[in-house]
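Visitor: Have a look at this one.
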Amino acid sequence: MAGARPPRFLLVFDFDETIVDENSDDSVVRGRALPEALRQSPRGSYNEHMRRLLGWLGEQGVRPADLRAVYESIPLSPGMAELFQLLSKHRELFELVLISDANTFGIEAKLRAAGLRSLFRKIFSNPASIDRRGFLTLGPYHSHQCPRCPPNMCKRKILGEYLEQRAREDAEFQRVFYVGDGANDFCPAGILAAADVAFPRKGYPMHRLIQEEQEKQPGQFQAAVVPWESGVEVARYLQELLRRKC
């Protein structure tokens, strides 16, 4: 709508073990006897490993519709339904984006099944498509120079470029919130400012890496840190923020 005010807050979500309570890459192979080559530690990048794994599933007769059903059945993490109910009521205040090293096919399937897709302005993930054989194929998201992140995706680069783009579009956010769990969520959380908030899942790699950073280099990690076990804890924080109108 012309003249509409841009949202005041940007809320960034990871997908696996954040929005959903599993690693979706593990979900698609659960109960299957993998060949030795696919059981071993991945050769090359994990993204390449998943591409080989999806090819093998296709050769076993697993079709995209079968995979979609798996993704749709993955449970949401505790309290996520309540968190998204709150965000749905305040769409004008929160802009939501998702940055995940999973794949677009699985993420879109789950979000649509859960009735959440319309809440997200943008989804950044590895591209997935159906090839001529009817197999689901996977590609890398981009290339980058970050030494900390896997070669197919640096979430810090994605978030930084998104903030720059939105600033050019006159959407400067008062605060940025980042909800994640994994080691690859620590890198983007490092660009958050003092007014921003990192929500690491309690006891998961992102949380441990932030704690280590705070011990080794006090003050280096600028954002406030609010660990969570349930999305309800994130919702309560945001409700208090809205109550204070800040």
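The backbone N, Cα and C atoms fix where each Cβ goes, and this holds for glycine too.
As annotated in TrEMBL:
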type	residues	note
ACT_SITE	Asp14	active site, nucleophile
ACT_SITE	Asp16	active site, proton donor
BINDING	Asp14, Asp16, Asp181	Mg(2+) binding site
BINDING	Asp25, Asp101	substrate binding site
Visitor: Cα of Asp14 (active site, nucleophile) to Cα of Asp25 (substrate binding site): how many Å, rounded?
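Guide: A Cα-Cα distance of 14 Å.
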Visitor: Counting other Cβ atoms within 10 Å, pick out the least crowded of the binding-site residues Asp25, Asp181.
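Guide: Fewest other Cβ atoms within 10 Å, among the binding-site residues Asp25, Asp181, is found for Asp25.
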Visitor: Closest of the recorded positions to Asp181 (Mg(2+) binding site), Cα to Cα, picking from Asp16, Asp25, Asp101?
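Guide: Ranked by Cα distance from Asp181 (Mg(2+) binding site), first place goes to Asp16.
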Visitor: Starting from the Cβ centroid of Asp14, Asp16, Asp181, the recorded Mg(2+) site, name every other residue in that chain with its Cβ within 8 Å, sequence order please.
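Guide: Checked against the 8 Å cutoff, the neighbours are Phe15, Glu17, Thr18, Ile19, Ser100, Gly180, Gly182, Asp185, Arg201, Tyr204.
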Visitor: Which chain-mates of Asp16 (active site, proton donor) that are at least 6 residues away have a CB under 8 A from its CB, listed by sequence?
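Guide: When sequence neighbours closer than 6 are ignored, Asp16 (active site, proton donor) has Glu22, Asn23, Ser24, Asp25, Ser100, Asp101, Ala102, Asp181, Gly182 within Cβ distance under 8 Å.
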Visitor: Taking the Cβ of Asp101 (substrate binding site) as the centre, how many other Cβ atoms fall within a 10 Å radius?
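Guide: The answer is 24.
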